[in-house]
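Student: Here's the feature list from TrEMBL:
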- 50, 162, 381: substrate binding site (BINDING)
- 70-409: domain 'Aminotransferase class I/classII large' (DOMAIN)
- 137, 138, 207, 235, 264: pyridoxal 5'-phosphate binding site (BINDING)
- 267: N6-(pyridoxal phosphate)lysine (MOD_RES)
């Protein structure tokens, strides 16, 4: 709190309407807002200022952003299911039976039979014994990590893990050791010199690079050093593995290999929410200990019904995954031939490395001027000096959509050779 808040209490007048609100506003304006404004200006000068877009209509490749029609290549709707008619029908049909809101937390009276059915479906889909349905992926990581580790324990986290994993580690109050991205040798050395309870946490697919964690090797070293392995497969579920079962199943890893499997439902699955899957004992423990599960209102049960319908579709429709991968292969070949630097990714996440913040923004703006929406990703989301365009593909994209993107990239290629380029 600002130091000048203390003396302000002497200004309190019981007869004045809303006295504390008025005084607080006055003091914040005088003591704090100039600092906020300065920090915001610094972000603008560094090319780090973020803004929101106003999207109209359903989430699909052809959308309207701030009133302007654009072809989007920045959504996480990898299988094109966010607006799928079957999922919309499932949601509508469920509403008369379930109502709209969750109304209470899962441990009061909010755990609807639709939630239970979804958890059972998620367990079958991922090849796990049981599952818990969380409100968001961020909340799942915060709740799971802080429940599984605490004071006196050690968490080992990949340096490129998602912000929600980082925050879950901080919230746990455990000792946190970060290992170089994907460096199993470095991790094993850390594990060997550490005693006590050990938790290793990694993304399955890294959201900004698109590469896949070395899960087989991670599982091996965790077994060898008695560490619990947790994998956040937010960007692998629905896309990788047999029938879209995720990166762990693609690697042939069982529940014993990956006891804690976390996934989200707002990306390839196309609905909303998240889950953790694993042994029944572990799920029971999380019901008792995961604060982000205990102390929040349950998601709408109708949404759970729609999610079951979406998982059913994912499991039986391999053609969607095949189409996405065909788009990825074509893009990688053509973009590389143009001289763009890509990351070693075989997933729908295909970053174009740029480096400078202003150059990344300039390239993104140039593409938007040509009718394409591709986001510039800058620090702190990615390391300093590694700004990029995060191109993502969806089964809803056509080959004609891809050709439009490639044509625009070809015409914008020279921007990356112009320091401080402006559109």
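For all residues, glycine too, the Cβ spot is worked out from N, Cα and C.
So where do these features actually land, and what's packed around them?
Tutor: In sequence order, 163, 208 are the residues of the chain that are 6 or more apart from residue 381 (substrate binding site) and have a CB within less than 8 Å of its CB.
Residue 138 (pyridoxal 5'-phosphate binding site) counts 19 other C-beta atoms within 10 Å of its own C-beta, drawing on all protein chains shown.
Note: residue 267 (N6-(pyridoxal phosphate)lysine) has non-local neighbours 76, 77, 78, 234, 235, 237, 238, i.e. same-chain residues 6+ apart with C-beta under 8 A of its own C-beta. DSSP assigns residue 267 (N6-(pyridoxal phosphate)lysine) to coil, not to a helix or a strand.
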Student: Cα-Cα, whole number of Å: residue 264 (pyridoxal 5'-phosphate binding site) versus residue 50 (substrate binding site)?
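Tutor: Residue 264 (pyridoxal 5'-phosphate binding site) and residue 50 (substrate binding site) have their Cα atoms 24 Å apart.
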Student: Counting every protein chain present, what is the number of Cβ atoms, excluding its own, within 10 Å of the Cβ of residue 137 (pyridoxal 5'-phosphate binding site)?
Tutor: 23
Student: Between residue 138 (pyridoxal 5'-phosphate binding site) and residue 162 (substrate binding site), what C-alpha distance do you get in Å?
Tutor: 9
Student: Ten-angstrom check, please: count other Cβ atoms within 10 Å of the Cβ of residue 235 (pyridoxal 5'-phosphate binding site), all chains counted.
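Tutor: There are 30 such Cβ atoms around residue 235 (pyridoxal 5'-phosphate binding site).
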Student: What count of other C-beta atoms do you get within 10 angstroms of the C-beta of residue 50 (substrate binding site), across all chains shown?
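Tutor: The answer is 7 other Cβ atoms.
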